[in-house]
Amino acid sequence: MAERRQVGYSVHREILDEGAVDEMAQKSDSKTSLCEKVKTSMSCSGPRLKNCLLGSVPVMSWLPRYSIRENALGDLISGISVGIMQLPQGMAYALLASVPPVFGLYSSFYPVLIYFIFGTSKHISVGTYAVMSVMIGGVIERLAPDSNYMIWDNLTNSSIVNISLRDAERVRVAAAVTFMSGLFQILLGLVQFGFVVTYLSEPLVRGYTTGAAIHVIVSQLKYTFGISPERYSGPFSLLYTVFEICYLIPETNIGTLVVSIVAILGLIFAKELNTYLSKKIPVPIPVELVSIVIATVISWQVNLQEKYGVDVVGVIPSGLQPPVLPAASLFGQVIGDAFALSVVGYGIAISLGRIFALKYGYKVDSNQELIALGLSNTIGGFFQCFAISCSMSRTMVQESTGGKTQVAGALSAIVILFITLWIGTLFEDLPKAVLAAIIFVNLHGMMKQFMDIPALWRSNKVDMLIWVVTFILTLLFNPDLGLAAAIGFSMLTVIFRTQLPKYSILGQIPATDIYRPLEDYNQVEQVPGILIFRSSATIYFANAEMYQEALGEKSGIDITKILSAKRKLDAKRKRHEKKNAKKAAKKNTEGEPEREEQNGIAIIEMDAEPDPSLPRAIVLDLSPVNFLDTVGVKALRSIQRDYGEIGIQVVLAGCQTGVVDNLQTGGFFNDKVTKSCLFYTVHDAVLHCQSTRTHRQNEVMYKCASLLLM
């Protein structure tokens, strides 16, 4: 291995404390007032109005510059491919949402067009998404269960479900929760709340989507086996549903099970063939479309519904539905679910959008994405759509087939419009088991996310714990409550990591101004007489007391014990002085001559030599600290006071500007403590401590001796 080049350099400057830095850099004390900030934000000019308009409606900025020669062909092929995928997925995910399949097609049309106008990602494919659909299905089953629509059938002398009334109410619920989730997204976007996605870490999102995928699979088992289990809601509903399905398995419809198995095996084979041919053909084979066409033709020819009792899609109305106002009476019942939908949908879309933006070198506006998705869902709610997000499988197809702009998404919506107006009725004989099979096969990517666990175990065990706990919470508490609980747990891990940071004593790398933890490096030496202490986290109310305890433990100084002993000796010395003063006053009043030495008087002698086991100075390295609250400031003030009382000088180093301001406002400085105890770097602080001698009057050890009468 080539030897590392040694580059010699030297820097000559004075030792800089915070006061010197402020003077040299001429720190400005002027701050913009709130009124000025509001006035500036409300001011309007021509260029600012133009930028605001183009930022709010991004299509106006990029569409006039659209290059037909470079982008049109790729967007056309991509749009048709994604539109074809939208057909089976829209119908399948409508079953997840517990609404008729045609509403999945509506949800693949209106919101996509709205996103085309307001979205900023060029590559993601918005539309129906499995996780969102199963969350909506849970809300619908809770508010519009089958039991509410049972009627008596005189022909069979039994109770049956009034499907038309039930489906109409379920569509109203889906539209209401979608409208509310869109409003939440718009409001969050307007208040610049796009940073909320930072609380959805990648392990949390992947664990959550894996858990939600299990919910999706379990919800589709009834179509695979041809059974009708009771739908449960609330915590632990997944377990109840699994037990119910296991109980009903003996009632499996054999025809439905055969259709499911054949469809799943056929789709897996076709997917593998697609992967094998991906480099040889420009456009992937539309596997799902071919599957539903073949299944519909076979079902129609064999009459699977009549002969074998296989459940089919049923009536699919042609044309588009007129807009309808969402049912305001349902808003109060779905507000919590709507907020969960808004956060989940946005988190998934922005995560995938940022991946492709980084890959192709453009920027995705997180706040504008919130508004775009919010408008898509809000306007979609008027047209009886259910909440949408970004699908990873369709996005990969859109990107791999040459899609370069949002035009590909608009073309896919036109394909769905064509299907809805003229072709949709042809799929009325499609078995629902085939749609369930499409969902199962499309979820295989999410099932691969289980491989994250061993990878995270090797790289970061805390992230692995977040993944596993998020997965378990999502399974037990359903996707809505599971998400809230997972975010809460993720925040707790942050609190625990800041509450239990790593505390280190730093030493100097010889002949450098670099300081590193003694326990991590072999060639690092502690500076004689100076203790350099650092915490890996900020100092605030949750760990301020532990910071003080760790300093005592690392330094070997029991400050409480030393101060207690010192104060006892001080009190004893003061009592002796007071006693001596009284005796002297008494002798003076009796007229006796003053004697230099009195019988029985205790004399307190002071040893001027410092205790060699104690450091001369302590340097607190605050470079990792990004803020201080009042408790943290009090902790630092207490450290400086207590250690200063026993003669140890305490100085601070590496303070950021915000930390200095926190110290200023927190009352750290006074007439005796100035910014001269704050140093620009640790090395500055060490040089200062080496060049000064600390007064040790408060630290000296007291000895008591009782003198005998002369």
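Cβ atoms here come from the backbone N, Cα and C positions, even for glycine.
TrEMBL has this to say about the protein:
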type: COMPBIAS; residues: 570-586; note: compositional bias 'Basic residues'
type: COMPBIAS; residues: 587-597; note: compositional bias 'Basic and acidic residues'
type: DOMAIN; residues: 520-689; note: domain 'STAS'
type: REGION; residues: 570-597; note: region 'Disordered'
type: TRANSMEM; residues: 93-118; note: transmembrane segment
type: TRANSMEM; residues: 124-144; note: transmembrane segment
type: TRANSMEM; residues: 173-200; note: transmembrane segment
type: TRANSMEM; residues: 247-269; note: transmembrane segment
type: TRANSMEM; residues: 281-302; note: transmembrane segment
type: TRANSMEM; residues: 338-358; note: transmembrane segment
type: TRANSMEM; residues: 370-389; note: transmembrane segment
type: TRANSMEM; residues: 409-427; note: transmembrane segment
type: TRANSMEM; residues: 471-496; note: transmembrane segment
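In this chain, the transmembrane segment (93-118) does not touch the transmembrane segment (471-496); fewer than three CB pairs sit within less than 8 A of each other, excluding pairs fewer than 6 residues apart. The stretch with the most CB contacts under 8 Å to the transmembrane segment (124-144), chosen from 247-269, 281-302, 370-389, is 370-389. Comparison of 247-269, 281-302, 338-358, 370-389 by number of C-beta pairs under 8 angstroms to the transmembrane segment (409-427) places 281-302 first. Contact between the transmembrane segment (338-358) and the transmembrane segment (173-200) is supported by 3 or more Cβ pairs under 8 Å, counting only residues 6 or more apart in sequence.
Counting residues per DSSP class in helix, strand and coil order gives 17 helix, 0 strand, 0 coil for the compositional bias 'Basic residues' (570-586).
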